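S.K.: Before anything else, here's the structure in question.
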Amino acid sequence: NILQFRKMIQCANKGSRAAWHYLDYGCYCGPGGRGTPVDELDRCCKIHDDCYIEAGKDGCYPKLTWYSWQCTGDAPTCNPKSKCKDFVCACDAAAAKCFAKAAYNKANWNIDTKTRCK
């Protein structure tokens with residue numbers, strides 16, 4: 001679920017960067033996505049997008065699926081409940097952890113995706 005994902009991001013990065021910073025970053029962070037990721041953070045978003053696609057193939061609705069999780073230290077941890085909930089939670093938790101490890105390059109925020117994402 002998008003709202004839970006936002007909170008997971010805050011958990012993983014210890015509140016150092018608001019989730020909205022990732023909405024228009026690179027070629028894959030935010031709606032849509034195409035081309036080659038511009039950096040490691042953008043690659044995290046592509047992996048997350050691909051994970052959601054796989055969840056959809058399994059009959060799940062990733063953007064709408066509510067799941068159970070908790071913030072343990074600086075790591076989101078999923079609480080197993082059902083196949084879809086676990087799948088989507090794992091997608092979001094992995095992405096949040098990936099975001100926390102990747103550098104944020106302000107030059108890759110709000111880029112011209114038509115020219116840079118081929």
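Note that Cβ sites are derived from N, Cα and C of the backbone, with glycine treated the same way.
Taken from Swiss-Prot, the feature disulfide bond applies to C11-C71, C27-C117, C29-C45, C44-C98, C51-C91, C60-C84, C78-C89. For Y28, G30, G32, D49, the entry in Swiss-Prot reads Ca(2+) binding site. Swiss-Prot lists H48, D92 with the feature active site.
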S.K.: With every protein chain in view, how many other Cβ atoms are within 10 Å of the Cβ of C84 (disulfide bond)?
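M.R.: Step by step: centre on the Cβ of C84 (disulfide bond), count other Cβ atoms within 10 Å, giving 16.
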S.K.: Apart from Y28, G30, G32, D49, which residues in this chain have a Cβ no more than 8 Å from the mean position of the Cβ atoms of those residues at the Ca(2+) site?
M.R.: C27, C29, P31, G33, C45, K46
S.K.: Say we define neighbours as other CB atoms within 10 Å of the CB. Which of the disulfide-bonded residues C11, C91 has the fewest?
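M.R.: Counting other Cβ atoms within 10 Å of each of the disulfide-bonded residues C11, C91, the minimum falls on C11.
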S.K.: Measuring C-alpha to C-alpha, could you say which of the recorded positions G30, G32, H48, D49, D92 are within 10 Å of C117 (disulfide bond)?
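M.R.: Taking G30, G32, H48, D49, D92 one by one, none has a Cα falling within 10 Å of C117 (disulfide bond).
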S.K.: From the Cα of H48 (active site) across to the Cα of C29 (disulfide bond), what is the distance in angstrom?
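M.R.: Cα to Cα, C29 (disulfide bond) and H48 (active site) are separated by 9 Å.
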S.K.: What's the CA-CA gap between C98 (disulfide bond) and C45 (disulfide bond) in angstrom, rounded?
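M.R.: So the alpha carbons of C98 (disulfide bond) and C45 (disulfide bond) sit roughly 9 Å from each other.
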S.K.: Need this for a regression test: recorded positions Y28, C89, C91, D92, filtered to those with Cα within 10 Å of H48 (active site). What's left?
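M.R.: If one measures from the Cα of H48 (active site), the recorded positions that come within 10 Å are Y28, C91, D92.
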S.K.: Within a 10 Å radius of its Cβ, which of these recorded positions (D49, D92) has the fewest neighbouring Cβ atoms?
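M.R.: Ranked by other Cβ atoms within 10 Å, the recorded positions D49, D92 bottom out at D49.
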S.K.: Looking only at DSSP and grouping its letters into three states, which state does C29 (disulfide bond) belong to?
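M.R.: Strand, per DSSP.
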S.K.: Are any of Y28, G32, C51, C60, C71, C84 (the recorded positions) within 10 Å of D92 (active site) when you go C-alpha to C-alpha, and if so which?
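M.R.: Among Y28, G32, C51, C60, C71, C84, the ones whose Cα sits within 10 Å of that of D92 (active site) are C51.
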